[in-house]
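Trainee: Copied straight from TrEMBL:
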type     : residues                                                                       : note
DOMAIN   : 45-369                                                                         : domain 'FAD/NAD(P)-binding'
DISULFID : Cys82-Cys87                                                                    : disulfide bond
BINDING  : Lys91, Gly155, Thr184, Gly185, Ser186, Asp354, Met360, Leu361, Ala362, His363  : FAD binding site
BINDING  : Gly221, Ala222, Gly223, Tyr224, Ile225, Gly226, Leu227, Glu228, Glu244, Gly313 : NAD(+) binding site
DOMAIN   : 388-497                                                                        : domain 'Pyridine nucleotide-disulphide oxidoreductase dimerisation'
ACT_SITE : His486                                                                         : active site, proton acceptor
Amino acid sequence: MAMASLARRKAYFLTRNLSNSPTDALRFSFSLSRGFASSGSDENDVVIIGGGPGGYVAAIKAAQLGLKTTCIEKRGALGGTCLNVGCIPSKALLHSSHMYHEAKHAFANHGIKVSSVEVDLPAMLAQKDNAVKNLTRGIEGLFKKNKVTYVKGYGKFISPNEVSVETIDGGNTVVKGKHIIVATGSDVKSLPGITIDEKKIVSSTGALSLSEVPKKLIVIGAGYIGLEMGSVWGRLGSEVTVVEFAGDIVPSMDGEIRKQFQRSLEKQKMKFMLKTKVVSVDSSSDGVKLTVEPAEGGEQTILEADVVLVSAGRTPFTSGLDLEKIGVETDKAGRILVNERFLSNVPGVYAIGDVIPGPMLAHKAEEDGVACVEFIAGKHGHVDYDKVPGVVYTHPEVASVGKTEEQLKKEGVSYRVGKFPFMANSRAKAIDNAEGLVKILADKETDKILGVHIMSPNAGELIHEAVLAINYDASSEDIARVCHAHPTMSEALKEAAMATYDKPIHI
């Protein structure tokens with residue numbers, strides 16, 4: 001049995017910290033003794049441009065490490081895209097719309113009779129807005145608690161150690177810092193010939209605040225965001241059609257899981273047009289008309305909708321920062337190039353989150369932020385992008401960490417597969433919510449877990465046992481021999497682990 005020992009864990013962390021050489025520690029060390037100023041114009045140890053998940057977490061962590069810190073945020077509300085117009089409001093609507101759908105379609109199966117169920121869209125949107133407002137205020141409270149200076153405005157570089165800020169009240173201030181971190185996140189990726197007006201042609205931002213449920217909704221793009229927002233409005237009554245240029249939905253997902261996921265969404269009446277290219281969009285009439293054709297060319301078709309959601313991905317947001325003025329290098333995608341310490345080619349200028357390579361995920365940005373300021377403080381940070389979990393918050397949810405089966409085949413890795421369906425899980429059957437499965441991929445020789453993929457209710461919560469296991473190089477047998485409470489959904493992960501190295505009990 002390959003249980004991770006305490007000694008191995010100590011060795012793991014010791015090895016990581018040994019990479020912090022005396023030279024590095026000297027280079028990044030400076031006096032932490034200071035008084036905290038109320039003005040962002042005085043010199044700081046750390047200045048962060050952007051108050052999203054990466055930026056505000058970096059600011060709080062820097063202050064906790066004793067660094068004088070200022071955070072600049074153009075929105076005037078902390079939390080970035082994720083909290084204000086992304087992760088949080090979308091999850092609020094996903095939950096509310098799922099409750100409505102359950103009341104309308106599933107309550108009767110549990111002996112609950114409801115005479116009529118109606119959607120009060122203004123109230124639903126108000127609940128979403130209230131959640132956002134409370135969380136934003138909560139971050140401001142954390143800034144005050146940790147003595148982070150908060151400057152509301154749009155920042156741009158004057159020099160590698162100075163940021164000019166056009167404040168939202170119409171003024172201007174200069175914020176100085178020994179170390180400046182760019183954490184400005186990402187923006188909606190536009191498509192040629194399509195103008196987003198946030199009314200009939202909307203981005204994910206506009207899709208969070210539609211004034212009425214559209215009869216027909218077309219989603220351009222079958223990624224995480226498009227499928228989540230399509231699910232919201234589909235549950236509330238929209239006829240949803242997803243148009244995707246690629247041959248698969250969520251191309252980064254494990255192929256077997258992806259196929260089952262698509263079938264599940266199709267059972268929810270979501271339609272898919274894969275390998276399809278959008279040629280043009282016409283919103284001059286009451287509705288919207290899309291001209292589409294096969295991705296490889298061919299006969300064109302006209303699609304009509306009340307609302308079109310453009311969800312073709314996101315792009316790094318660095319416009320207006322004047323990065324070129326100070327010589328910061330970027331790649332073809334506009335991402336800032338950084339080393340393993342998140343330092344750009346310009347001394348003193350760092351970048352984290354969506355503006356650098358790696359998965360564009362809020363939790364990845366948070367980890368970047370913590371690691372970056374740890375480096376600045378002379379400590380050692382660490383983020384392994386191969387071990388960052390991803391979640392699609394539809395119903396069922398899909399969550400994954402590590403390698404897909406397609407990746408292992410491409411890399412020539414010998415592996416074993418263990419699977420367990422939730423149809424054989426007692427808790428899932430008891431609550432009449434048994435769609436999905438757990439799939440584990442492990443090295444054929446060592447049994448080390450290489451990837452875990454879960455499709456189920458609350459998969460986004462279940463995945464973290466697998467994330468922890470992968471981070472500590474655990475084997476499938478390690479998980480299989482851990483006692484899991486009964487009856488729970490997490491037992492499906494245990495059974496899948498048993499199926500990987502030996503045989504499951506309940507199937």
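Backbone N, Cα and C atoms are what each Cβ position is placed from, and that goes for glycine too.
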Trainee: Taking Cα atoms as reference points, which of the recorded positions Cys82, Cys87, Ala362 is nearest to Leu227 (NAD(+) binding site)?
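Mentor: Closest recorded candidate to Leu227 (NAD(+) binding site) by Cα: Cys87.
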Trainee: Using Cβ atoms only, which residues of the same chain lie under 8 Å from Cys87 (disulfide bond) while being at least 6 residues apart in sequence?
Mentor: Ala362
Trainee: Which of these recorded positions is closest to Ile225 (NAD(+) binding site) if you go by CA atoms: Thr184, Met360, His486?
Mentor: Met360
Trainee: Please list the DSSP helix, strand and coil residue counts for the domain 'Pyridine nucleotide-disulphide oxidoreductase dimerisation' (388-497).
Mentor: 40 helix, 33 strand, 37 coil
Trainee: For the FAD site made of Lys91, Gly155, Thr184, Gly185, Ser186, Asp354, Met360, Leu361, Ala362, His363, how many Å separate the two farthest Cα atoms?
Mentor: 30
Trainee: Compute the C-alpha separation of Gly221 (NAD(+) binding site) from Thr184 (FAD binding site), stating it in Å without decimals.
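Mentor: Here the two Cα atoms are 24 Å apart.
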Trainee: With an 8 Å cut-off on Cβ-Cβ distance and a minimum sequence separation of at least 6, pull the same-chain contacts of Ser186 (FAD binding site), or say none.
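Mentor: Correct list: Thr81, Arg314, Thr315, Pro316, Phe317, Asp354, Val355, Met360.
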Trainee: Whole-number answer please: how many Å between the C-alpha atoms of Lys91 (FAD binding site) and His486 (active site, proton acceptor)?
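Mentor: Given the Cα positions, Lys91 (FAD binding site) is 28 Å from His486 (active site, proton acceptor).
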Trainee: Could you please provide the mean pLDDT value for the domain 'FAD/NAD(P)-binding' (45-369)?
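Mentor: It averages 97.
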Trainee: Which one of these recorded positions has the most other Cβ atoms within 10 Å of its own Cβ: Cys82, Leu227, Met360?
Mentor: Leu227
